[in-house]
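Student: Below you will find the structure I want to go over with you.
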Amino acid sequence: MRRLLQPCWWIFFLKITSSVLHDVVCFPALTEGYVGSLHESRHGSSVQIRRRKASGDPYWGYSGTYGPEHWVTSSEKCGGSHQSPIDIVDHQAHVLYEYQELQLDGFDNESSNKTWMKNTGKTVAILLKDDYFVSGAGLPGRFKAEKVEFHWGQSNGSAGSEHSINGKRFPVEMQIYFYNPDDFDSFGTAVLENREVGAMAVFFQVSQRDNSALDPIIRGLKGVVHHEKETFLDPFVLRDLLPTSLGSYYRYTGSLTTPPCSEIVEWIIFRKPVPISYHQLEAFYSIFTTEQQDHVKSVEYLRNNFRPQQRLNNRKVSKSAVKDAWSQDMTDILENPLGTEASKACSTPPVNMKVQPVNRTALLVTWNQPETIYHPPIMNYMISYSWTKNEDEKEKTFTKDSDKDLKAIISHVSPDILYLFRVQAVCRNEMRSDFSQTMLFQANTTRIFEGTRIVKTGVPTASPASSADMAPISSGSSTWTSSGLPFSFVSMATGMGPSSSGSQATVASVVTSTLLAGLGFSGSSISSFPSSVWPTRLPTAAAPTKQAGRPVVATTEPAAASPGPERDSALTKDGEGAEEGEKDEKSESEDGEREHEEEDEKEAEKKEKSRATAAAEARNSTEPSVATASPNWTAEEEGNKTVSGEEPNQNVVPKAGRPEEESFTDADTQPQPLPSTQVPPAFTDELYLEKIPRRPETTRKPLPKDNRFLEEYPSDNKFITINPADKNSSSMATRPSPGKMEWIIPLIVVSALTFVCLILLIAVLVYWRKCFQTAHFYVEDSSSPRVVPNESIPIIPIPDDMEAIPVKQFVKHISELYSNNQHGFSEDFEEVQRCTADMNITAEHSNHPDNKHKNRYINILAYDHSRVKLRPLPGKDSKHSDYINANYVSGYNKAKAYIATQGPLKSTFEDFWRMIWAQHTGIIVMITNLVEKGRRKCDQYWPTENSEEYGNIIVTLKSTNIHACYTVRPLHGQEHKDEKGSERKPKGRQNERTVIQYHYTQWPDMGVPEYALPVLTFVRRSSAARTPHMGPVVVHCSAGVGRTGTYIVIDSMLQQIKDKSTVNVLGFLKHIRTQRNYLVQTEEQYIFIHDALLEAILGKETEVSANQLHSYVNSILIPGIGGKTRLEKQFKLVTQCNAKYVECFSAQKDCNKEKNRNSSVVPSERARVGLAPLPGMKGTDYINASYIMGYYRSNENVITQHPLPHTTKDFWRMIWDHNAQIIVMLPDNQSLAEDEFVYWPSREESMNCEAFTVTLISKDRLCLSNEEQIIIHDFILEATQDDYVLEVRHFQCPKWPNPDAPISSTFELINVIKEEALTRDGPTIVHDEYGAVSAGTLCALTTLSQQLENENAVDVFQVAKMINLMRPGVFTDIEQYQFLYKAMLSLVSTKENGNGPMTLDKNGAVMASDESDPAESMESLV
């Protein structure tokens, strides 16, 4: 009984919920004013404004007392001298070589469903939740994009951009803001700290067609119409919102364009715009904001949200130096950027076009000059005419060279063929006018066509006309005058609208045989339709925008039959039109807020009503009727939006009295024209389904009894006909009665709501059945289909050797993948993502309600068929205690080689260690930090000190070995209880085990490490630690997919390279993707795998144990087949680095070039030491200094040049900013002048560096074994604003390394520095004259000696290459590289305490004894 009642309660609950949701969604006003409501109030509140002001965030706007001219009162920075936006004068911008290609990472990826849009009241912002990185283009580093903002104008494509080019502004400007993620965790933090940020400006220019890339943005705009509204965006590609070519851009330094106006922005302004249609532009003009003026707030349209342009004030605007980027003529972009009438065409169309027969084979085409010329003069006219013969479409075009000759004779015409004529004016620079009206001519029949539809009636009139008169008509309508037999037809949608692009369109492509057949030209004549029923329209340019929403009332007075101004206006009856217009205009201003609020709710109702209206017209096609209103898609109904790109001022709905009922009166015997701004109805199959707008309700005469059957039995015929016997046949179609509308609309609405509720009911029942019922009745039984996982999953087999790539061809393979903008990588990764799409791989246990809390991320699940099953615990929850979010993953030639799992949660520590113990795991690979970017990524599942108990396992931390990029922690585990809780007797060492954790600390989430070499070392060492008796290696990051999968693929491929000398990344990854979802999560990680494997193949394993170093050195000195030694090959790899690692943009800036002693020895962007920038001074964040990886820390050392006189304070600022406490000064061969040599203060006078002072407090000397001395200075750096003090020790060293001293003495200085560094924090600053070989050698030997002490092994190649990667140009000669091997051989020999028959002379040469092999001596290194 209980189970039967539960669905009933759910149905009752659903009914109440659906009612509440309906009220909330359909009537958002009901929820306004409540905190956290589904639809927040778009009005804001005085409480919110007071709270904003109280928090110190001043209110500002774009107009009134809070407008841009008043920003400076609340934000002083807005009055600065380097403000934005500016006008860019192209010919004054100079090309700078440092501004090369812009590098975009992640911009080609589709956005996630976390990306959302918000109406801030000042703009519409897109908050980017994915990783988008920007570098190059002279930017000082790699920046991360965080948000996108838009600025637009008033309406109709008017100027709205903040920046301009040569004084030309654009309708919309999109701005993408980015910051340096290495220093800050958000853009706002960087602004608060007044640190350098960047912005890209993209202009939107009006085009004829919709830009499909903007569709998700436009849909998002419709969801944030009101202030403070937010919505998630459909996936979009950010790169598609940028210009197709990114090579041409401008660069300048400016400010934020909104308060606080911080002057910290590096602007990138793209020259080329992005297209956007008028229809898409309307979405921007429909955005609302809440404005505050004094103590009154009001809801207004958000328009003109741009800041006035600021003075340049001696700033320089630069242009990119990308090859061929500026070769194109700028006139195509800058001539007419706004997309208004004046910019789309050079003039209005030619007018008064006529076609007259001269004789049986010739026609005369005449026209008048355009009424308005936007870009004079007119050079000539282009006449186009087309026809169809034998189902072949043909077209001819010729030009009248004279702008005064306004006629043309067309010869060799046939009286039996339909011709289409149109004329276009041609101005300078190939600019053209819109096309004139299109004339359709056959014998004595002429038709005028203009607009995007051809509309035809379906019956003859009572009195056919006998003349061939022609009269212009409104857009989308047509006039026929002729005599002949009756025929029937329907309207057909065409693409023959006026051209705005200035280019000639093809008419013949439109006038197909179907169209001509529909026109009735099959040898018979055409019956006429009274031309008086067709309205005319004012020229587009002459129709004011504000009149678009005003009503016009038809009258009983007939209109003039001839074209002219008298006919171009609508008449009113006894002043009613004006009165009603004023009333409606007032109502619109008062109720505009309400109308726009209900706009979305009415949209479905309007569509249904329009369809019902069209159906009723079709059913009553033979009924007598009066003139009806045109389709209504006006500003009043659509919020000033247009449909299908139509002008908003062309379709105005006549309105009289009540909005529910509108009537038109006419004389019984005189047909009446519609108002000048109306369009006759035109329905086709396409229009009926997609574009039929809502029509106003009108009254009509009741149906005759003999025609009532049409209402009861509607026909499927979609023709719109008129009863020829009725004298009142002055309209094309009829309207259903008000009685019909009273039940049609409620029926549609109720049906729709019922359908929605039914769908919701089904969804809720399914969800209840799946979750709630399962939670209560879940039984661990083989007969339950809900809990039996699908373990027969079609696994992608490991590809055979035919698909593997030989190592020798791998370099070529990678170069092919990198070609064409990394297109090969993109294709491969798409294939990886698709490989499991069609497989029915389940994750039932992860989705079970009792297990969901054990998942760190809701979308990272453990596949059922490969999941790791724990031994169930006894107790009431035992049936679900076997679950952990972990999967077995295959390795190279070994099943279940790894366990890929998530970073353990606190609640799953016990499960994690139960898995470790049950699987006999000896190695844990951790590739995440506990907290990254302020977010918890993993919980600490090992003890910090002493021991921790996790379930029945006691874990003890034995030691912590810290390296530059990873940490090793041996963990001792002991099982002290069995599952039943009783004490277990120890059996030898079975209950104890050592588990080693390898923790990589320099791998960012969803990203890749900066360098591949340290990763290879980490993978090799963790893999080598595994012994045959161990179980699977447990690998985890945060989610256990991206970084975890990358590690597994690299490790497996290294084993395959070693075993078979082949690589198959794609095949292997597709195979393991069937075992755990999302392994290798991003394309960037997929590329990194290849980079790491390439590094491994080229460099091979270069780590050598101390006892094998001597033989290894001899082996690399033996020449190979080509005559080169391995030592030479190694050094070539040391000096040849990937270009992306050695980018040096900051050092090449004009403002920084003079700060470099040698332009060939400068810091790479990835390792550059940054300074806190000084406000208002460009380039103050730069110093010629590089971080150098040491043995214990990735930023253990800093190599820099000897300070120049004008960079001395920068040098001390670096010491202060980075808390450096040791300075090692190495003199070079060239002696410096005294004033340049000494960069520190004397005892008598301190050095003032603004934020701090430098004071020398002591000076001492330290004697070395060779009687040389080290001069030691002790300094104190004291803050001027607080009590902070930094103690710095300065070592002024003698000549090092000394060529006249034994090599063993080289390490004497190193030992002094190492001993001092043990007691001090911060990096060690090492400098010689250029920051090159002497400093690099000291850092290299320090790291190698520490490696030898701790690991009894050395890797000279990796240390030297890492130094050259982080500071290009340090090691440039092979002798410098050889010296590192010499020094380490000397150190190994010293440690072995005379082991081996070697002695060293003063020059470092080996004196071999008689019994030694000369080839094994160090002499071979010379």
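Using N, Cα and C of the backbone, Cβ positions are placed for all residues, glycine too.
Note that the structure is a prediction, hence the values are computed from the model and not measured.
Relevant sequence annotations retrieved from Swiss-Prot are reproduced here:
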| type | residues | note |
| --- | --- | --- |
| DISULFID | C78-C261 | disulfide bond |
| DOMAIN | 349-448 | domain 'Fibronectin type-III' |
| TOPO_DOM | 769-1422 | topological domain 'Cytoplasmic' |
| SITE | D1328 | site 'Ancestral active site' |
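Give me the local environment of each listed feature.
Tutor: Within 10 Å of the Cβ of C261 (disulfide bond) there are 25 other Cβ atoms, across all protein chains.
On the 0 to 100 pLDDT scale, the topological domain 'Cytoplasmic' (769-1422) averages 85 in this prediction.
If you take the C-beta of D1328 (site 'Ancestral active site') and look for same-chain residues 6 or more apart in sequence within under 8 angstroms, you find Q1201, H1202, L1226, P1227, D1228, S1334, A1335.
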Student: Using DSSP with the three-state reduction, classify C261 (disulfide bond) as helix, strand or coil.
Tutor: coil
Student: Measure from the Cβ of C78 (disulfide bond) and count the other Cβ atoms within 10 Å, all protein chains considered.
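Tutor: Summing over all protein chains shown, C78 (disulfide bond) has 25 other Cβ atoms within 10 Å.
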Student: Pull the DSSP breakdown for the domain 'Fibronectin type-III' (349-448) and write it out as helix, strand, coil residue counts.
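Tutor: DSSP composition of the domain 'Fibronectin type-III' (349-448): 3 helix, 62 strand, 35 coil.
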Student: Under a three-state reduction of DSSP output, how is D1328 (site 'Ancestral active site') classified: helix, strand, or coil?
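Tutor: In three-state terms, D1328 (site 'Ancestral active site') counts as strand.
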